[in-house]
């Protein structure tokens, strides 16, 4: 059951403090674009576009800002906000600090979609929860984890029994830079 982009809501989570980066990493420039713009470009063509961030913090044309209800609880809080606001049956959920994401990356995940979450494994063999497809049906589990103070997004993803794509299959189509995570200014040099 491959999904089409227009059937899926896209969401970027950009509500973190960027403490290791030293400034707002969403606004850091890499070439012509900010990290936020780069991730948004990878999600072009998705039906609904949600930016999970404090209101008024960023201007991203065509994206609706959605505040976190569980602010300060990490990316799981961002996923809860995205799933709560989404209209489509799935959310393509991406972190702002993954500027190597490409449209090809999302195509690989969309082609593998079933009725459950879809995630890729990074080079180390672990699931990448910050660039995955989540079904709206996961919302009750997300909220239960938040209420129980179990904030590990990877643990939630594993509990959802996702379709898992090996990193080699993803890299073959999306390139190796897709896995670069920007936490410090030096990480931009890897791109």
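Quick reminder: no glycine exception, Cβ is built from N, Cα and C everywhere.
Owing to the predicted nature of the structure, the values given are computational and were not obtained by experimental measurement.
Cross-referencing 4, 25 against the GTP binding annotation in TrEMBL, which names 13, 14, 15, 97, picks out 25. DSSP assigns residue 97 (GTP binding site) to coil in the three-state reduction, placing it in neither a helix nor a strand.
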